[in-house]
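Annotated features in TrEMBL:
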type   : residues : note
REPEAT : 132-166  : repeat 'PPR'
REPEAT : 167-202  : repeat 'PPR'
REPEAT : 203-237  : repeat 'PPR'
REPEAT : 238-272  : repeat 'PPR'
REPEAT : 273-307  : repeat 'PPR'
REPEAT : 308-342  : repeat 'PPR'
REPEAT : 343-377  : repeat 'PPR'
REPEAT : 378-412  : repeat 'PPR'
REPEAT : 450-484  : repeat 'PPR'
REPEAT : 485-519  : repeat 'PPR'
REPEAT : 520-554  : repeat 'PPR'
REPEAT : 555-589  : repeat 'PPR'
Amino acid sequence: MMMKRAFSTCICRFNCRLLITYGNHLSFSVYDFTSHFSTNPTNSIPFKPKPQFPYSSNPTHAQLQRLLLEKSKVGFDKLDDALVVFDQMLHMKPLLPVINFAQMLAALVKMKQYSVAVSLFRDMSVQSIPVNIVTFNTAINCFCHLNHVDYAFSLLAGIFKRGFIPDVVTYTTLIRGLISQDNPAEAQLLFTNLIRLKAIKPDVVTYNTIINGLCKRAHASTAVTLFRYMEKKGCKPDTVTYSTLIDCLCKLRFVHKALDLLHEMTDKGIPPNVITYSSLIQGMCDFNRWQDVNLLLSEMNSRNISPNVRTFNILVDAYGKEGMVKDAEDVIEFMIQRGHYPNVVTYNSLMDGYCLRGEVEKALAVLQTMKTKRILPDTLSYNILINGYCKKLKVDRALDFFQEMPYEGLKPTIETYSTILQGFFHTGRHVEARIFFKEKMMLNKGLTLHIVTCRILLHGLSENGYAVEALSFFHTMERSGLIPDIHIYTILIDGLSKNGHFEEARSLFNNLPSKGLQPDVKTYTIMIQAFCHEGLFDEANELFVDMEANNCLPNDVTYNTLIRGCFQNKKYNEASALIDEMRAHSFSADASTTSLLLDLLESEEQDPALLALRKKYLT
């Protein structure tokens, strides 16, 4: 009762959204907030399927208990098997202990069948099957995985109603759920207040769980704050704590802070492990800090910490991305000598390195080596090869691999399709590109287009004179719910203006604010060029002024575009001023601007402004 009063006080005192919002759900019954989840649309679980199940239809209590203990650790092979066992559990006389029902829920969690676990928990409540804090915690965990933290908090009412006391697992799960929904501030507030009210006494495992959740959501600052807080509260961080933070900082490219943490943990006598060093090596590779990579490897050796497959794969990938395939091969040879066997990740990185160097045949040889070693290539293996051949303008060869994928049991991804689509456009085969898109992509119901694919298609159509078709697809894309970004609009504006559809281009540009989009320097430059091409120099110049007012500074392309517009519209004084301004910004005239200027200087035209321009540059 004291705990219940403490938590009630906690609800009253916490002035934050999580307890206001989640408190509104506390009057729900267990049935209310679990009835939303079932395995079929009728909200009833199909308990009596007829799978081939290896156990008798009338198992003994001992048989079921042995089975549940085993499956709670690894999960069932099939969902139907789990449902049959649960049905058998319901009909056992006497009823199995609550621990066995908890094991069933744990098995479903292992299978990631969270909604099914919630539905079974509901049925347990409806049929008055005993529950305990473990089953409640499991249901809370499932709701968090299903992104329904509000329902997870509602279960607290059920815990108190049954006379149970929430434990550290309960609250840690709820806090982790808040973090997973990008509410780190609320999670931290709940955690600190629970400690203040002595509702929980967290240990290093609790802190590590929450810090890990924060790091996975890239909330490094909050994670470090909690890390310092745990130290202040006398809870000593361990290798897992430091390794988690170091990995997070490296992924966010704060490698200097990660190195500081490495030095701090070793100074405190907390030993780093291979995970710690692998994260740091990855961070250093991302910055091409090869000297630091070598120092870290040397330090690992001095501490008798052996690199694992992940460490070696990081090095192979880093060398491959830099085109240093000989070094990558040396790493693979060394890892084999150390008793570690390359996997598909290793060979994919090597293939990618060869493709980046344009050596696609060597990449193909790596694929054959994988097959010889009975390492099954994955979708990424084929995507790498297809991309490599497309970049070498060998689209037909790329298509061969595309068609081979289903025979290897692999399903092409949107990246696969997009690569081939771009390959067709790059080789000028725009008719085949359009056919490929319509027949292979649009008719594939399992394929979901993303923004990169749309950019490829719109750019390809626009560049090949299909601006109206591009605009039509753009509207289809909008209707499908895919939200265009500024790059999509820029491609369309450019294509429409260059293909004689200036008004449509201008309309799209003028509507950008209503779409919540801000033109970038490329968008402005394209529109300035369109105005100049239409002889609307004043509008072009006005747009040039507007872009600076909107904190979008012109670049060398913008200046050159407007200067050529000045020349073409015989605005020689304006051109002269812009040239001076361009030079003041350390930009220079490009080949087109220089050629046009030389032609004007050699012309016989007697325009006073042009004569002044000649005098300026020829004397």
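Here the Cβ of each residue, glycine as well, is placed from N, Cα and C on the backbone.
Note that this is a predicted model, so its numbers are computed, not measured.
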Sequence-remote partners of the repeat 'PPR' (378-412) [C-beta within less than 8 Å, at least six residues beyond its ends]: 344, 347-348, 351-352, 354-355, 358, 360, 363-364, 367, 370, 419-420, 422-424, 426-427, 429
Beyond the flanks of the repeat 'PPR' (555-589) by 6 or more, those residues with Cβ under 8 Å of it: 521-522, 524-525, 528-529, 531-533, 535, 537, 540-541, 544, 547, 596-597, 600, 607, 609-610, 612-613, 616
Long-range Cβ neighbours of the repeat 'PPR' (273-307) (under 8 Å; 6 or more residues past either end): 239, 242-243, 246-247, 249-251, 253, 255, 258-259, 262, 265, 314-315, 317-318, 322, 335, 338, 340
